[in-house]
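**Student:** Pasting in a structure now, in structure tokens, and then I'll have a few things to ask.
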């Protein structure tokens, strides 16, 4: 509570609004115009300061209820561990598969086709998908060479909702926007639509996945 | 009674059989029947003995094996000594048959967030759903359109429960508040019941035969307490504390006992009228998630008899006294001779069968699941228990002894909720793989598959008049 000199100060401050409005009511003409212009600018500034203050302090948001409603029986359990489980499962499957076909073979240095460059033979420099059971045509008849090092079987796919990435086997290249020739060759460049096997994720619904 | 083999030249073997009902009571005197008698003929004989006006459909069991083709074949498969007495136990089946739900009649849209609880009113006239968008919606089933939208909760509506007379709906939210609604107007009835400090996990009304006015409702919460509220005054009548962790499930039994299951691995039995703790049932190794009483269906439907259901569901008629008597007679019928049985499912992958009014030791332990059990339900005639588990299967157990009957496999992800049809012949299960499956319990096989949801199915309910199944999930509601 204000006491002694502070009473005067407090009174002056609390009467400020009343005194101000008494003065303004009497103003007319140019004086009033100028005053109102100034006051308007002041008010804008005051508002800006208040908004900055509000931004710094955290208000309890009563209106918005959080997303992701779950029934009572799921509340005490982490729901989104599904993503972790799925990615673990597919990783394990991948590990099992890799071990199967490991046979000791002598590593031969492959002759780069660039060394044998002929005008009518062209080498693809991008990643491509060839599918199981692919065998190269006889070298004489090969027009486009797809280096084995650039053969990819799996592709990283992100699930938009779970926000997790899975590595899933490719089924085929549907469309390559560059050219129909690229589609037939199975070349994968930016913007290519590929078909992917989602059975490893165990989902039954259709969802759009992003590569 | 001894069976005498009477061999007459050229005659079929004949046996003496004695009919018994499920409780062990003998019906009539021993009968002389040929060995190749079929269930139909047995039914004629039995009905004659029972002296019923209308013939009841019956099923016959010899040494736990059902007589399907003829008595002789069943005996052969079981290698029963024909020198001994052959007791044939007859079980009356529900007179009405519920047809399997085959298709989705409509998608009831309206909720802007996941639907997390769904419940039909005791007569099947109304459907209510609670959702993550904080509203409770009532749906008109004859036109399959939304009826009322009730705003009032400020957080997800986790649990809804109809009063046994169908005149009120209680809904509990994640802020711990309980609101009561009138289904015919969609308006809130009475005051907000506030008092719990954490979210509501379960709601249970006092049974109709105990109080036909349906005045008291009990609520369980994550804060570990159970509160009994007086809906007319809006005040908390009693607070039952004792659990050290969240109370996950609550049931108000028909004998004046209240059962609460908790994450502290115990189930506590309380006396409803004075709040005294009677018993603590221990035995589970992890959180107890769910409970079911053998008389659940009768308590839920109160005075409504599913066999008398008509195509257009109506409100219950009759004075309070009549309703009370009807509810009591239905309750006693389902209950049978012994006390109520309770089955509990837990995170420790097992279920326990208890007789909580008598003993604090379990009757049996039912093992077999490979992941936590999310929901257990007795069939409406209390003969079978179904358990839904996160191991993608639904298992069936005998309701009296707890013996394992069958596993229903088909889902590819966790099974969240199940619901029985009113005649106990069909079971519907909703799962996180977004499908619903209807199972034929007698054949123990899949009857129909109901795909159509775009995301996980959170709640399932079958209307007591047997006409519809409603399911709600992360995407929308269905009829």
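Every residue, even glycine, has its Cβ placed from backbone N, Cα and C.
Whatever TrEMBL says is automated annotation, not expert-curated.
Okay, these came from TrEMBL:
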- B:16-75: domain 'NLE' (DOMAIN)
- B:108-149: repeat 'WD' (REPEAT)
- B:150-191: repeat 'WD' (REPEAT)
- B:193-239: repeat 'WD' (REPEAT)
- B:240-270: repeat 'WD' (REPEAT)
- B:366-407: repeat 'WD' (REPEAT)
- B:408-449: repeat 'WD' (REPEAT)
- B:450-475: repeat 'WD' (REPEAT)
**Student:** Is it possible to list how many residues within the repeat 'WD' (B:240-270) are helical, extended or coil according to DSSP?
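**Tutor:** Taking the repeat 'WD' (B:240-270) as a whole: 0 helix, 18 strand, 13 coil.
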**Student:** Counting CB pairs under 8 Å, which listed stretch among B:108-149, B:240-270, B:366-407 touches the repeat 'WD' (B:450-475) the most?
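**Tutor:** Between the candidates B:108-149, B:240-270, B:366-407, the best contact partner of the repeat 'WD' (B:450-475) is B:108-149.
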**Student:** Summarise the model's confidence over the domain 'NLE' (B:16-75) as a mean pLDDT value.
**Tutor:** 68
**Student:** Please count the residues of the repeat 'WD' (B:108-149) that DSSP assigns to helix (H, G, I), strand (E, B) and coil.
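**Tutor:** Helix/strand/coil tally for the repeat 'WD' (B:108-149): 0 helix, 23 strand, 19 coil.
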